[in-house]
């Protein structure tokens with residue numbers, strides 16, 4: 001056994017300052033107020049959960065007269081946090097409609113028994129009361145933070161109620177969206193906010209969203225079940241002013257989440273609170289439920305694909321901010337030379353993304369393709385892998401040609417200088433060709449660093 | 001993204017000396033020559049693979065006139081290293097008999113194409129020639145080390161052939177067993193050798209064995225398949241002088257491996273070379289195939305249980321020497337309050353054992369039971385988990401009472417001072433009660449430290 005290295009630990013703890021601010025590009029700087037979807041009012045405030053005084057409560061209201069369509073995906077963890085149970089209940093009993101979202105950070109309200117359920121419902125009721133006319137069970141609730149502690153519920157309720165008063169901070173401009181995004185943060189080093197305009201059949205829509213997460217990130221989320229095994233510390237919400245039927249909003253979200261949030265990993269650990277919700281309030285005008293799979297498949301698919309791209313963008317921000325991460329790595333099981341089923345391709349990409357040996361080699365900038373291969377080979381597949389058909393390459397992000405490491409099961413004579421150069425860049429893609437089918441999948445992951453160990457060896461204190 | 005911290009990296013690399021020698025207890029010091037099974041001659045030499053001059057070639061011969069019964073379990077990785085393919089072939093075509101084992105360290109002979117297969121067969125032939133009378137395909141072969149490089153085969157063959165000369169180093173005493181164990185080592189910090197005497201129905205047998213491994217340790221090994229998907233960098237061999245039928249030796253080994261080598265994890269990564277072989281040469285005298293499941297079930301089960309205990313002891317040595325490990329942690333899904341199936345119990349124990357968040361919390365000596373719970377809940381089970389039946393406790397190794405952290409789904413008010421004290425000891429048990437069935441399972445794992453990142457960020461250089 002290694003000695004405990006207390007001296008090094010202490011030196012590291014004192015010499016490593018908190019993670020530096022990321023390049024501005026991650027936030028994209030200020031966003032034009034007109035880029036955000038119409039018909040939403042938001043705020044983010046400090047209500048008293050976090051000792052630091054940082055924002056810890058976000059309120060998001062849809063201000064259109066009719067309720068927005070709502071859809072959600074929840075973690076498949078067996079230990080559902082109270083807010084997950086409550087939000088699932090609301091979605092299941094509302095016919096897929098909601099008008100508000102309330103989020104707190106600093107405490108996950110997970111494994112908190114009956115009190116936790118009462119607290120989550122109290123957050124719903126207080127937020128419902130902000131709506132005009134007042135709502136009933138029309139608020140979705142999310143919490144993130146430490147597991148096993150009760151919420152300081154009176155502070156949270158006071159924070160929500162403060163938004164009923166004159167001079168409240170609810171607004172629709174960039175500043176309000178940014179404040180809400182900041183209130184999602186726990187170990188995140190920057191708020192994660194995106195907005196985009198898209199066009200379908202000549203009509204313009206707007207979509208915006210925010211998410212949070214830096215650790216306990218390996219989501220596996222599915223649509224709500226009436227009595228299920230589902231549950232989330234990745235939280236995200238997406239708002240659009242498109243008019244989408246509830247049913248089609250759920251199927252578009254389920255599709256999008258599989259190819260975005262369910263395809264990222266920081267540490268391979270699935271949380272009890274992972275939740276992604278989407279609201280579509282139709283404020284862009286047009287007929288109710290204009291976008292519906294059965295009414296107009298083409299329009300629906302265009303929307304679904306926009307949602308998927310947008311969700312992938314938000315999901316990747318989480319990996320960029322992965323605890324201790326110094327690399328952003330795309331693992332792709334390639335189309336045309338892919339696996340027999342999407343599930344096989346996705347499983348292989350997931351396994352490589354979570355391999356401690358692959359992730360430490362990435363941190364050490366070591367072109368150790370043998371570890372990629374060992375991880376690939378360890379996945380039980382529906383169609384057995386043929387080692388003589390497998391190829392592995394590094395795809396540089398500077399536009400220079402791919403660097404083959406293994407071709408049809410035979411190792412290449414690798415130019416180690418070039419490999420080192422490719423690995424020294426922050427962004428990198430590892431491409432695996434399986435060669436048994438045409439299904440492809442992508443995963444986004446990061447490396448494993450000293451800093452990861454420091455952050456997680458010392459989280460609660 | 002975190003800055004690359006090159007200064008810290010360098011400081012760590014220079015300030016952390018290679019892992020210190022473990023307490024003597026891990027090797028048990030010298031073992032009496034008479035404790036080893038009769039009828040084996042061994043050696044371990046330096047043949048020229050390792051640049052350091054350390055032993056890198058082990059030869060183990062059974063010296064009884066008839067071939068020993070032989071059984072093996074190989075990794076289930078799809079990328080079989082050449083020695084795995086060859087050893088599987090030999091076992092499958094010999095009726096479960098063999099007379100020798102040859103092992104090299106420093107190079108895994110994995111992903112080495114046709115040349116790799118030829119090299120593995122060459123090692124078999126050279127070792128067969130040491131036998132008297134000379135054997136044919138009676139040697140099992142194992143390799144461990146870097147993937148994707150060819151063996152320096154002429155050096156290895158010269159090393160094997162040197163044992164034909166007068167004055168060779170083959171012997172049966174402690175020194176020979178220890179030299180062989182040393183030749184297994186790669187990143188191991190100590191040789192792993194054990195010997196034991198056991199008694200069945202009044203008759204004494206001896207068993208001894210050695211293994212190696214410190215990283216890429218999360219074996220999943222099964223019995224040989226004629227055309228399979230199997231493969232291993234955990235290597236181990238066990239020799240006994242009991243007389244066991246080949247069929248019963250294989251079923252006893254498969255049972256033992258599931259409860260020993262397949263229940264340990266250092267980093268969650270499965271190797272392409274993992275192999276465990278057992279030889280039973282009957283030198284203790286007695287009728288041939290004396291121990292056989294159909295002939296005498298009681299005697300067989302006694303042998304199987306001895307083999308299981310012995311294998312678990314060898315397997316745990318690997319976790320003790322886990323790369324960067326500072327803790328030895330038993331994860332137990334408890335009998336009586338266990339899972340519905342052994343597979344469920346084993347999967348839960350495996351998932352907790354590989355959680356990066358659990359392992360960094362252990363390194364940080366943080367009683368973060370929420371992470372244990374999140375890992376437990378993320379496993380898909382045959383019988384869904386009921387959160388209100390789950391309990392989690394720390395079991396101290398000093399004989400003091402268990403410390404309950406979660407009881408029937410409700411968090412306990414934890415005495416943090418006591419928790420910290422329990423966590424500060426090198427050995428620790430985390431017990432999880434599932435409460436849906438009576439099946440229990442144990443896993444042995446270690447923590448995740450700065451040193452782990454250092455070793456694996458910089459392995460090949």
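Yeah, the Cβs are placed from backbone N, Cα and C, and that goes for glycine too.
Remember, TrEMBL labels are computer predictions, not curated facts.
Residues annotated as active site, nucleophile in TrEMBL: B:233. Under the three-state DSSP scheme, residue B:233 (active site, nucleophile) falls in the coil class. Annotation for residue B:233 (active site, nucleophile): spatial neighbours B:108, B:144, B:145, B:186, B:213, B:215, B:216, B:217, B:271, B:272, B:273, B:274, criterion Cβ-Cβ under 8 Å with sequence separation of six or more.
The substrate binding site annotation in TrEMBL covers B:186, B:212, B:233, B:323, B:456, B:461. Under DSSP, residue B:456 (substrate binding site) is assigned to a helix (H, G or I) in the three-state scheme.
Long-range neighbours of residue B:456 (substrate binding site) (same chain, six or more residues apart, CB within less than 8 Å of its CB): B:215, B:267, B:323. Using a 10 Å radius centred on the Cβ of residue B:212 (substrate binding site) and all shown protein chains, the other Cβ atoms total 27.
Cβ neighbour count for residue B:186 (substrate binding site) (all protein chains, 10 Å cutoff from its Cβ): 22.
Cβ neighbours within 10 Å of residue B:323 (substrate binding site), excluding its own Cβ and spanning all shown chains: 29.
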